[in-house]
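What follows is a short report on a single structure.
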């Protein structure tokens, strides 16, 4: 069984489409990735949706994103080969799991994708976790364990818009995995570049701007006093907490150069990760780094400087899975678990109060054939042993 994962994150830079072959365990199931950048007008609309947005505008954006995802899915199949289902993360518009009531919202018209492709779509993963009392994020850590668990404990860091870290116990270690959001990944740096360039640039390519500046350690400590960094896991965050309004406020009182501002924001991401790892995990000798932040040389160096006891490795080069593929692959795997009726126990990850089957299934034209295939599917577990985070229904 082959799944296509579609992922667009809080950076809102585009869609990653990756194929996972579930017949092969772990990283060996990776079959390729295709990335489609959002058109500038759509990206602007997505970013604007983080502010007040009317029902009609939200509904129209939902359909426009669905049309974009459908085009990406068709092109991914053309490039990477046929698949049996699509797993859609969608575009996060709001993430406030600690509200009254808490909620998270991802949009992207899954029905449009199913109709356009004829394929069954699994979607809406995060709201199931929130319904079970969880944060709705991070959801990728079980896939980290499926792919990257080793004899010794290991850390896996994803540097997308937000930064989230997973601590994996060594094989045979009875301790459960731990995972949580550390705070901002690329989101504040990207916002600062956009602000300082008057919209002419959207990211600090290779960390060159930050590398040309000096970190303001006084401001850094002020920013690290943010309440989120003091909060114990399980915890998750989003643009509502770390986004353009925060960067605009900090920039308005900044007296140094733009390069120094970028250098200090880069240090903020690195130091917040390092402090979170020391405070809330048992630590590990190595950490695999994925996501767009892994391509930022200034950020990778800042991480290594802040975590001298841990070897910081580029996850894509170390594992053979490109950084832009990891989250899309994870959702393809999560989609397979939903189709197979597998419960995920995420108590030590999101704080969910009991195991749940994550996701909703929207049958496509291939649904009857997929049902037959699912009835013949062996259980998909991690490597040779039982996967501790899975429980059969």
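Cβ from N, Cα, C; glycine included.
As annotated by Swiss-Prot, ATP binding site applies to 9, 10, 11, 12, 13, 14, 15, 16, with the evidence given as sequence analysis. The Cβ neighbour count for residue 13 (ATP binding site), using a 10 Å radius and every protein chain shown, is 21.
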Largest tally of Cβ atoms lying within 10 Å of a Cβ, found at which of the binding-site residues 12, 15:
15
Go through 9, 14, the listed binding-site residues, and name the one with the sparsest Cβ surroundings, counting other Cβ atoms within 10 Å.
14
With a radius of 8 angstroms around the mean position of the C-beta atoms of 9, 10, 11, 12, 13, 14, 15, 16, what other residues of the same chain does the ATP site pick up?
7, 8, 38, 160, 161
